[in-house]
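Now, the feature entries from TrEMBL:
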- 23-288: domain 'NADH:quinone oxidoreductase/Mrp antiporter transmembrane' (DOMAIN)
- 59-79: transmembrane segment (TRANSMEM)
- 91-115: transmembrane segment (TRANSMEM)
- 151-171: transmembrane segment (TRANSMEM)
- 178-196: transmembrane segment (TRANSMEM)
- 202-219: transmembrane segment (TRANSMEM)
- 240-261: transmembrane segment (TRANSMEM)
- 281-304: transmembrane segment (TRANSMEM)
- 290-342: domain 'NADH dehydrogenase subunit 2 C-terminal' (DOMAIN)
- 324-345: transmembrane segment (TRANSMEM)
Amino acid sequence: MNPQAKLISTTSLLLGTSITISSNHWMTAWIGLEINTLAILPLISKTHHPRAIEASTKYFLTQATASTLLLFASMINAWFSGQWDITQLTHPMSCMLSTVAISIKLGLVPFHFWFPEVLQGSTMTTCLLLATIMKFPPITLFYLTSSSLNSTLLTSMAIASAALGGWMGLNQTQTRKVLAFSSIAHLGWMTIILNYDPNLTLITFYLYTMTTSAIFLILNTTNTLKLPTVMTTWTKIPPLTTIFMLTLLSLAGLPPLTGFLPKWLIIQELTKQELTATATAISLLSLLGLFFYLRLAYCATITLPPNFTNYMKQWQTNKPTNPLTTIFTSLSIMLLPLSPMVLTIS
């Protein structure tokens, strides 16, 4: 891809995200979302592969539909209440349409269909952007409108996302699809607590972004796209593969790693709200995700490829390790002891 075009796309991506997360008017938020959509399309289709073109087409159609619904919801709210302020979402129809629109943009169940296919057709770096930065503006809109949204609808979508993200990830052999369904399952955790503690939703998103970024950067360094390829990573960079296993277990939410913190706080808050059945259901559904994280960790660290007589092992990759990988993996593994400070900052 042309360096100038890549610079323009990246700058526009940051600009669109900044506009949406800093706006309090529906129209400026919508403009930011549209800039984001148009900026990411060249990055998805830059390989000129038929799968990449298909992914960019699917992404454009779904995001355009979601943007139309969001604009329609804001216009209905302005028509009946005279308010364009994002926090003043009062009309029931507007609340319903905006929930649907933001859910489509995030990839929540039952509007998840586009997300795994788009990730499968993109490069690892673009997948990292789609799974982290591109979800920040919709999560911000959810945060600003959390007091107006229907808790029953959000809880139903959250439980369905956690269930489907876990079930569909079980039989995947492509690492990008595994991480796509992992993202859908984590969105369920973020959504279920949105009505009761929106700050906890943001904390969960930040920690998920750190951990997922670390995993995508490691997979990009080792050039790993499929589960059979994961088995050869131990012979390339053993220390990085060990870190990869710990980061996966952190994403699964096992103590004493960082990923345990948001799940612990969400279950605690749900119990305080006397939603013990909901907390139990989403906790049990997270075991499905734990299985495919353990399978990835098992393939990466315990399974070795066949060693033939004329086979030469590769002890390191051609790519240098990105400094961001070290930062994100360290935060993904060792942040749990600092949880009181994280809660104080939030």
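Every residue, even glycine, has its Cβ placed from backbone N, Cα and C.
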Same-chain residues at least 6 beyond the ends of the transmembrane segment (281-304) whose Cβ lies under 8 Å from its Cβ atoms: 158-159, 162-163, 165-167, 169-170, 172, 175, 178, 182, 185, 188-189, 192, 227, 230-231, 233-235, 241-242, 244-245, 248-249, 251-254, 263, 266-267, 270
Sequence-remote partners of the transmembrane segment (178-196) [C-beta within less than 8 Å, at least six residues beyond its ends]: 106-109, 112, 115-116, 119-120, 127, 131, 135, 139, 142-143, 146-147, 149, 151, 154-155, 157-166, 168-169, 172, 204-205, 208, 212, 215-216, 251, 262-263, 266, 269-270, 273, 278, 282, 285-286, 288-289, 292-293, 296
Stretch of maximal Cβ-Cβ contact with the transmembrane segment (59-79) [cut-off: under 8 Å; candidates 91-115, 151-171, 202-219, 240-261, 324-345]: 91-115
Cβ contacts under 8 Å made by the transmembrane segment (91-115) with residues that lie 6+ beyond its boundaries: 33, 58-59, 62-63, 65-67, 69-70, 72-74, 76-77, 80-81, 130, 135, 137-139, 141-142, 145, 148-150, 153-154, 157-158, 160-161, 163-165, 180, 183-184, 187-188, 191
Mean of pLDDT values spanning the domain 'NADH dehydrogenase subunit 2 C-terminal' (290-342): 72
